[in-house]
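To start, the structure under review is shown below, and the notes come after it.
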Amino acid sequence: MASTGLQVLGLVLALLGWACGALVCAAPLWRISAFVGGELVIAQVLWEGLWMNCMSQTTGHIQCKAYDSTLALPTSAQAARGLTVLSLLLSVLAVMLGVAGAKCTHCMGDGNQTSKARLARVAGVLLIVAGIAYLTPICWTAYATIRDFYDPNVAAPLKRELGPALYLGWVASVLLLLGGALLHVGSAAPGGRALPVSGAAAKPSPSTGAAGEVKQQEKSFV
């Protein structure tokens, strides 16, 4: 049977994951300047995100600039943009389907619980796909940042550290995955297939009825 509590909890986690994911997507804090060997000018710190980079100074002045061209960005950055936007759109669609298919709502009527449960399970699968799609660019960016940090061939001014947006991105991915899993598990079909019990078993088959009639006729002749 569908569990209303699990469905509601899954939708709440999905909404929280979407909100965190949208914030991470817009924040220019995916990578920050690394302090390596004292070669970095401490008076300013560079922040890098998917859509812009910002320069923060110790005076409190922050100057941000959007990237001039999308095609000029590295392939990894373009893929990260596409996956994060796709994940957020899938999350919105999944939440809408999940609300429509939730047991506590009346979007599809109360007499069609099987279709509602199936729709909610589809929403759960979409949320899991969205979580994986969001987790992929987060993990890849973290891997590339750590790899370049320990690469001796990369100049010290070009080294970066993990920004706070990546940590929040991991949280958003986990929330989407958990929300999808809870929504799918909590939307079990409202009943299994009907098994042939009492009424169906009591109804004789044509062959059995014919055999019974033959036996009765033989007894009457005797």
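Note: Cβ is positioned from N, Cα and C throughout, glycine not excepted.
Per TrEMBL, the feature signal peptide maps to 1-21.
Through the fold, the transmembrane segment (83-102) approaches residues 4, 7-8, 10-11, 14-15, 17-18, 21-22, 24-25, 50, 108, 115-124, 126-127, 129-131, 133-134, 136-137, 176, 180, 183, 187 of its own chain, all at least 6 residues removed from its boundaries and within a Cβ separation under 8 Å. TrEMBL lists 83-102 (among others) with the feature transmembrane segment.
TrEMBL lists 122-146 (among others) with the feature transmembrane segment.
What TrEMBL lists as transmembrane segment is 166-185 (among others).
Here TrEMBL flags 199-222 as region 'Disordered'.
For the signal peptide (1-21), same-chain residues at least 6 beyond its ends with a Cβ under 8 Å from one of its own Cβ atoms are 84, 87-88, 91-92, 94-95, 98-99, 102-104, 113, 116-117, 120, 124, 127, 131, 134, 168-169, 171-176, 178-188, 190-191.
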